[in-house]
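I grabbed these lines from TrEMBL:
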DOMAIN    12-466  domain 'Major facilitator superfamily (MFS) profile'
REGION    489-522  region 'Disordered'
TRANSMEM  59-83  transmembrane segment
TRANSMEM  90-109  transmembrane segment
TRANSMEM  115-138  transmembrane segment
TRANSMEM  150-168  transmembrane segment
TRANSMEM  183-204  transmembrane segment
TRANSMEM  272-294  transmembrane segment
TRANSMEM  314-332  transmembrane segment
TRANSMEM  341-360  transmembrane segment
TRANSMEM  372-391  transmembrane segment
TRANSMEM  412-432  transmembrane segment
TRANSMEM  444-462  transmembrane segment
Amino acid sequence: MGLWKERRVMLLTAVAYLGSLLFGYDTGVMGSVLALDSFKQDFNLPTGSSGFASSKNAYVSSNVVSLLTAGSFFGAIFGAFINEKIGRKFTLMGFSVVFLVGAAMQTGAHHEIGLIYGGRVIAGLGIGGMSAVMSVYVSENAPARHRGRIAGLFQEFLVIGSTFAYWLDYGVSLHIPTSTRQWRIPVGVQLIPGGMMLAGLFFLKESPRWLTKKGRHEEAAASLAHVRCAPVDSDEVVHEIGEIRASCEEELNATEGVTWKECLKPGPRKRFILAFVMMLCQQFSGTNSIGYYAPQIFQTVGLSKSSSSLFATGVYGTVKVVATAIFLLIGIDRFGRKKSLVWGALWMMSMMFIIGAVLVTHPPDPDSNSVSSASIGMVVMIYLYVIGYSASWGPTPWVFVSEIFPTRLRGYGVGLAAATQWLFNFVITKITPEAVNSIGWRTFLMFGIFCLANAVFVFFFVPETKRMTLEDIDFLFDGFNPEVRQKDVERAMSDAQPKQREVEFNEDRGPQRVDLDGTAKQ
């Protein structure tokens, strides 16, 4: 009964997070496509080298991957402002159209790498804009008791997308002869979920919190009732809409609207700094160096054959999907945000140090026809690394940044977080090929040190927010008086209560219709 009652929340989440699936698919597909000889032949790239041994392949790989993240950075900035003006739903619809244009350009490219570059930038604008809005949209509709695992599905959809891309690339490498069709099919498949997302958004409601902030209270109550599968005058809906209205009114009274100066006040400033540093730390954990360039990374540690590296990449993605799902089901709302981030960072640090140590003491032999035990060990360490990431720094930062901001600032805050993520995503994806090509095993040592720094940052500066309502999280940062909030909630509940009429009998005047405000009508 509980799951059935939340069916509309889950439907909304599934449609909104198709944008995350596209994010994962578009990042995963090109890393594997770049390893296919068919792609190299069509765009005049060297075909005799593996990993990042060829400087030209390393250069083109870094451009193809990093241009997506560069476009996403600007898309996230635009999305943060646009969604505050026109709403979460219509912003997602607009950016899904932008993404489809970019995906079509990539699919239609032939012999001109510039068209691939342009398509990646435009697709990145769409993905970046969606990334700035989808977590806000889901968090503002999710019930507090399940918000962690529901909002965390962002990461699950992302890894499903990337894993599907990995296995699809592996499948076409085995079953489709080396030709243009071999790489064009996996690149074109992304148009399907993009179209599904655009179609599904037509059937969803706008965020009740955004509607409340805009003063559209009746629409907000109807939207919340719809997503909660409850009557608009039910106690559940009336109480929750009362909390939302009270929070929005307190924010408005305290600030008289949103200005840039408000972001410099102690409470908002701390939230923005936390969001910025959290997403910076996520990128410098090293995950996207492996996620974007998994086939080449596996070739670097000893799986020199293209089919072997693509198979290992598919297994890598599958491990991420399973580990993320388990963590969201039993971990994030049980262990909380802070513990997960600290222990996850320490676990990832250990795996990175071990990979670097084995790589320097037992470097793979590129001329060998067999895979050494040292290479197998490093592959296992990569899988163990991603288990730690999936149970901490994968889903948790997105959940955290989507819940710490008040309604008036949530769009801007998550937009900043998304833009930060894409900015440093761009940095990491741009430097990884050259770093592996130039400094080799020290790349893994570098990321291990960053993981240690992440753990220290979270331990000292990140508060716990598990199972708190979005309105209660205000107390952590702004110190609202609970008694004042309760009075505001009761007043807002009274304002939100639909006007009802009941029939009373008056001895002198007969039956009367009496509104809740006391007005009697004959």
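A Cβ is built for glycine as well, from the same backbone N, Cα and C atoms used for every other residue.
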For the domain 'Major facilitator superfamily (MFS) profile' (12-466), provide the mean pLDDT of the predicted model.
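In the predicted model, the domain 'Major facilitator superfamily (MFS) profile' (12-466) has a mean pLDDT of 83.
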So which of 59-83, 150-168, 183-204, 272-294 is most in touch with the transmembrane segment (90-109), counting Cβ pairs under 8 Å?
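Highest pair count goes to 183-204.
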Should anything in the same chain at least six residues away from the transmembrane segment (59-83) have a Cβ under 8 Å from its Cβ atoms, list it; otherwise answer none.
26-27, 30-31, 34, 43, 45, 52, 91, 94-95, 98, 102, 113, 116-117, 120-133, 136, 210, 292-293, 296, 411-412, 414-416, 418-419, 421-423, 425-426, 429-434
Honestly, do the transmembrane segment (272-294) and the transmembrane segment (372-391) touch, with at least three Cβ pairs under 8 Å and pairs 6 or more apart in sequence?
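Contact criterion met.
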Could you check whether the transmembrane segment (412-432) packs against the transmembrane segment (115-138) - three or more CB pairs closer than 8 Å, residues at least 6 apart in sequence?
yes
Return the stretch with the most CB pairs under 8 A relative to the transmembrane segment (150-168), choosing among 183-204, 314-332, 341-360, 444-462.
314-332
Among 183-204, 372-391, 444-462, point out the range having the most Cβ pairs under 8 angstroms from the transmembrane segment (341-360).
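Counting Cβ pairs under 8 Å, the winner is 444-462.
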